[in-house]
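Engineer: What follows is a single structure, and I will ask about it in a moment.
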RNA sequence: GGGGCCGUAGUUCAGCGGAUUAGAAUGCCGGACUGUCGAUCCGGAGGUCGCGGGUUCGAACCCCGUCGGCCCCGCCA
């Protein structure tokens with residue numbers, strides 16, 4: 001070993017010991033006859049003291065050569081610091097090591113940015129030199145947290161009798177869903193593997209095999225555009241169980257999260273998590289992933305605004321639409337400009353604009369003040385228990401359109417008014433999703449989750465009578481307004497699965513070609529089963545209070561899907577292409 | 001595919017109603033200093049102002065294009 005201790009380990013108990021340390025020089029404070037080095041490794045920082053007059057000429061020369069981020073090995077004696085020189089900021093701050101010998105294990109070029117936390121460094125430069133960025137505290141702590149967190153999850157799974165099983169990375173492309181990453185097959189000209197969007201079908205196979213409790217911390221791949229919470233490759237904590245119902249999956253998920261979160265942080269997780277139906281979520285929050293850290297729910301105003309005197313409102317109601325609104329209690333901090341922006345937003349979404357009323361002590365302000373009836377104002381004040389300074393937005397139109405817009409406004413206003421002040425963590429199950437929805441672009445029916453999700457309906461023969469009315473046995477887990485997990489009870493009967501495929505518009509030849517292996521497998525005694533998957537990167541992001549998933553991934557990609565460290569993706573040799581029996585159809589730009 | 005913000009020293013940023021020697025802080029290099037821990041003090045080096053084109057007597061600054069990073073919409077069963 002090149003060291004007897006780590007740089008975060010030595011304390012007052014070690015005073016008097018001879019120690020050997022190795023690490024990176026993170027700070028050099030040169031006082032002429034005395035030099036202090038901060039020696040850093042993964043575990044912490046230890047101050048090394050060089051009393052130059054006491055050093056041999058060789059050692060003196062070496063010490064003078066040392067620069068930031070050199071890798072050095074030192075040996076010396078641990079001494080207690082005098083009280084006035086104790087540094088309470090570091091764990092080893094009450095001791096220091098008096099240098100007796102040293103060796104430069106490696107030098108370092110001048111750095112592209114400072115390792116010490118301080119100014120925010122541009123992300124492009126951080127990603128290019130990610131190995132240096134990862135020496136910095138905040139990102140390093142995130143990566144270590146991620147490891148601790150998954151370890152606790154594994155502990156939990158193990159204690160609950162789960163089996164961890166790996167599934168293929170080179171697998172079969174399946175239609176629908178996200179765009180696949182494809183891998184050409186050299187041995188099978190013209191055929192392609194796809195990287196898995198999730199291990200969905202394999203974990204169902206494992207249930208059929210009898211591994212009734214499976215989990216995997218699985219890498220998944222989706223070739224879609226990136227966002228601050230989306231990367232083309234990401235990690236799911238994937239779970240599947242047999243002989244269970246929704247309640248069992250939710251229960252084990254809650255216990256898993258409680259265990260792993262509470263063992264790795266100071267965050268308290270209250271279980272069970274509240275549940276909200278999809279319908280209620282849309283009605284109250286305008287989204288299927290509501291942030292319930294604050295109220296300001298969407299309110300129904302159709303009745304109270306019915307005879308308000310506003311012609312727009314009345315025509316909306318006559319056409320069968322609804323009027324809904326948001327009541328902002330300290331609405332004075334929403335400026336005219338903000339209101340204009342919301343108005344513009346609504347127009348972009350195809351509306352006529354947003355209505356609003358500011359309630360003051362004895363008067364109101366509103367663009368439709370003149371036409372608004374006294375009685376309407378009075379009713380609103382009473383029924384909504386309005387306090388002076390409140391701002392009421394209202395919007396009329398088709399219900400889901402109205403809810404959707406108000407939902408987005410709700411999030412925006414909460415951000416503006418800083419309604420979420422403290423760090424809190426509100427988990428929420430959203431249940432009773434519809435099984436199908438209409439894809440408006442292609443005017444066809446598609447699954448809200450995936451086609452293996454079981455309906456809340458067991459009459460196979462009448463399933464296609466009114467498929468849009470049927471609910472699914474799916475559930476999503478939402479944390480602070482971000483979807484962090486989702487799952488369902490699956491279809492375990494061949495006939496039902498075939499029926500679903502046919503409702504989706506697939507002919508038997510088509511579903512047999514694409515999903516024949518699943519249908520065959522369901523035919524050999526598939527047990528009732530279900531599961532869910534968590535987005536690990538997103539969970540870590542939220543728990544660490546980060547704005548981007550990239551702060552939880554050691555080597556993430558940029559918005560254009562490029563790895564700035566390695567340069568991937570990159571052109572390849574002609575030979576490599578021809579071996580794969582493919583041609584590149586791309587005009588290189590001149 | 002679309003909208004927005006950004007790109008100036010190694011880094012973070014200022015300068016941008018056109019003409020300046022393109023600045024600051026920090027880092028880097030050299031020197032001084034025996035108790036610092038964001039050390040301090042003195043000195044120094046360091047810039048194709050992302051790239052290309054245009055307007056102009058003159059462009060970091062105005063215009064067009066392009067590349068790159070970020071945020072968002074679409075997309076993400």
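Just so it is clear, glycine is given a Cβ too, placed from its N, Cα and C backbone atoms.
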Engineer: Using only what TrEMBL says about ATP binding by A:222, A:223, A:224, A:231, A:535, A:536, A:537, A:538, identify which of A:166, A:283, A:483 is listed for that site too.
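Structural biologist: Given A:222, A:223, A:224, A:231, A:535, A:536, A:537, A:538 bind ATP in TrEMBL, the matching entry from A:166, A:283, A:483 is A:483.
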Engineer: Tell me which of A:192-195, A:196-199, A:200-203 corresponds to the region 'Aspartate' entry in TrEMBL.
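Structural biologist: TrEMBL lists region 'Aspartate' for residues A:200-203.
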Engineer: For the L-aspartate site as recorded (A:176, A:222, A:449, A:490), determine the largest distance between any two Cα atoms, in Å, rounded to the nearest integer.
Structural biologist: 22
Engineer: DSSP three-state call for residue A:490 (L-aspartate binding site): helix, strand or coil?
Structural biologist: strand
Engineer: Compare the Cα of residue A:483 (ATP binding site) against each of the recorded positions A:31, A:176, A:222, A:449, A:490 and report the nearest.
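Structural biologist: Closest candidate to residue A:483 (ATP binding site), judged by Cα separation, is A:449.
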Engineer: Would you mind reading off the Cα separation of residue A:536 (ATP binding site) from residue A:449 (L-aspartate binding site), to the nearest angstrom?
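Structural biologist: Cα-Cα, rounded: 19 Å.
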Engineer: So among A:176, A:222, A:449, A:490, all listed as binding-site residues, which is physically nearest to residue A:538 (ATP binding site)? Use the C-alpha atoms.
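Structural biologist: Going through A:176, A:222, A:449, A:490 one by one, the Cα closest to that of residue A:538 (ATP binding site) is A:222.
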Engineer: To the nearest Å, how far is the Cα of residue A:31 (site 'Important for tRNA non-discrimination') from the Cα of residue A:490 (L-aspartate binding site)?
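Structural biologist: Cα-Cα, rounded: 70 Å.
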Engineer: Tell me which residues of the chain lie with their Cβ under 8 angstroms from that of residue A:222 (L-aspartate binding site), as long as they are six or more apart in sequence?
Structural biologist: A:178, A:179, A:181, A:197, A:232, A:234
